[in-house]
Amino acid sequence: MRPLWALSVAGALSVVGALAGHDGSQPGAALDAGTRADGVGHDRGLDCREVRRRNSSERCRFVRGTPDCRMDGGFLDYLGGAFCAFPAALLPLSVSLYALWLLYLFVVLAVTAEKFFCPNLSAISTKLKLSHNVAGVTFLAFGNGAPDVFSAVVAFSDPRTAGLAVGAVFGAGIFVTTMVAGGIALVKPFAAASRPFLRDIIFYMVAIFLTFLVLYFGRITLGEALGYLGLYVFYVFTVVVCTWIHHRQRGDGSSHPGPWEPAVPTDAVEQESSSADCGDYGEEYRPLLPYHETSLHILSSALNPLDKHKWRRKPWYWRLFKVLKVPVELVLLLTVPVVDPDRNDLNWKRPLNCLHIITGPLLCVLTLKSGAYGLYQIQGVFPVWALVALIGSVLAIIVFVTTCNEEPPKYHCVFAFLGFLSSALWINAAATEVVNILQTLGIIFELSNTVLGLTLLAWGNSIGDTFSDLTMARQGYPRMAFSACFGGIIFNILVGMGLGCLLQMTSSQTVVKLEPDSLLVWILAGALGLSLVFSFVAVPAQCFQLGKAYGTCLILYYLAFLCVALLTEFRVIHLAAT
């Protein structure tokens, strides 16, 4: 097992091994070999979870020869590592390493979304001159929900892990709208914004009802997938219209945000905090002396993820977490450009941005389909990645010669789109590994994908929302945080399920099967719908004055739901046999 930090730095090297057939990314060859080894394909149709019931000596052959154990995409073969690379007695060690790697992947997702994905989305929305409301419910929502959406898209790409996506989308929804919303009410009692709350919760209940119907019929058609996306477009339109009506009623024609708008104050708070703290790279990006720095000095400063002044001020646990983030931050700095419209120089780093012209496209071709496209050889001679690197090198030289260090070029906004694409592919690659690890853990512990989605995946993707919303509430903005709980999650379910199923469809297959694998799916959907109905009735009944009683009820509701879900998973609660 490679060291965890090396896995994030040497992803491209893993691609080579993957395509050579060492990680199962050539499913046809692996399947044929396994079929021949087992006879005439007698493992076809078997559930991969049966591997734990086999003898220790047969587990590796079972994993290699069973089609259900094949994981499409990803750079590493986790099942092969658990049952082939490690002896049976060391299975707990492999599980522990996978758990640590899973936690680190959540760190990768958080850092990529916060430091690279969201700033580029902000720059794109600024360049397109979008209003605060449209940007809040589109680009800002996409930035905040990127890990959830990418995880759902990856999980929906394989029918075997569709339950993982449903569990994650529903699990994150019920967690955020009960535990996080309840925590906000406990931390800071407040008066909820009436119109945006009713608007968001009605749209959310409609989305849950549509998903319930999809699960009931066990399939989703092309029209239904487009309907998910169309409903979100209608939601954005409704937000814009409501904002315009509100401003007209106030007699204020300006687009100044009101206190009832969830996305705008959130964005303002984030900008204030970023201007005060400037992330981890703020001081490196601000010139200290008015002199012309050399390109080498600019490059070394831009690639330094550590701020020695901040390092001295921070406590030991912050330093420990920073050390864990340094490898992924360094790789992201090397491959993802960041355009910051709030800075005078737009974060223009001439030598580093020229390097991004090479590394950004190279990253794209080496992460698509686990590098299958990048390692494809043109006419069997010249690999695609080498052609991309050659073209990128020529463009980098042209940009370097025609620009200067002090002033960004007029086309600097193009780097925001390149950074958006590169960071999105990083998030997608990390989300693919997360889904594969969770699927592996489910096979090892014989757990359903649904329970893994509503627990580990939902909690991991909701960590950022939890801390940001509770921090916002403690700082005196509970209305914003509460609105974000219901408004932001709408994007995840509509775009996550709609886009995930849409990408799974092909010209020959326009229907995606979403058959629930257990009673747990119905309990999950019903619990989320019931929690929304409770808030829809209880909040107006209290005249939108939310206090500790409401927060306590939500938290107790989630704990009760979690107990019922786990009892159902372990078959303590089950349907009576007919």
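Even glycines carry a Cβ here, placed using N, Cα and C.
If you check TrEMBL, you get these features:
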{"type": "SIGNAL", "residues": "1-20", "note": "signal peptide"}
{"type": "TRANSMEM", "residues": "95-113", "note": "transmembrane segment"}
{"type": "DOMAIN", "residues": "99-240", "note": "domain 'Sodium/calcium exchanger membrane region'"}
{"type": "TRANSMEM", "residues": "134-156", "note": "transmembrane segment"}
{"type": "TRANSMEM", "residues": "162-189", "note": "transmembrane segment"}
{"type": "TRANSMEM", "residues": "201-219", "note": "transmembrane segment"}
{"type": "TRANSMEM", "residues": "225-245", "note": "transmembrane segment"}
{"type": "TRANSMEM", "residues": "353-376", "note": "transmembrane segment"}
{"type": "TRANSMEM", "residues": "382-401", "note": "transmembrane segment"}
{"type": "TRANSMEM", "residues": "413-431", "note": "transmembrane segment"}
{"type": "DOMAIN", "residues": "416-566", "note": "domain 'Sodium/calcium exchanger membrane region'"}
{"type": "TRANSMEM", "residues": "437-459", "note": "transmembrane segment"}
{"type": "TRANSMEM", "residues": "480-499", "note": "transmembrane segment"}
{"type": "TRANSMEM", "residues": "519-541", "note": "transmembrane segment"}
{"type": "TRANSMEM", "residues": "553-573", "note": "transmembrane segment"}
Next on the checklist: Do any residues, 6 or more residues outside the transmembrane segment (437-459), come within under 8 Å Cβ-to-Cβ of it, and if so which ones?
Outcome noted: 48-49, 51-52, 69, 71, 78-79, 82, 91, 95, 98-99, 101-102, 105, 151, 155, 160-172, 174-175, 516-518, 520-521, 524, 562, 565-566, 569
Item to check | Cβ contacts under 8 Å made by the transmembrane segment (413-431) with residues that lie 6+ beyond its boundaries | outcome: 11, 75, 105, 108-109, 112-113, 116-117, 119-121, 123-124, 127, 146-147, 150-151, 153-154, 332, 335-339, 353, 356-357, 360-361, 363-364, 367-368
Item to check | Residues in the domain 'Sodium/calcium exchanger membrane region' (99-240) grouped by DSSP into helix, strand and remaining coil | outcome: 125 helix, 5 strand, 12 coil
Item to check | Distant-in-sequence neighbours of the transmembrane segment (353-376), which means Cβ under 8 A and at least six residues beyond its ends | outcome: 11-12, 15-16, 18-19, 25, 73-75, 299, 334-337, 383-385, 388-389, 391-393, 395-397, 399-400, 412, 415, 418-419, 421-422, 425-426, 428-429
Item to check | Interface present between the transmembrane segment (553-573) and the transmembrane segment (519-541) (three or more C-beta pairs under 8 A) | outcome: yes
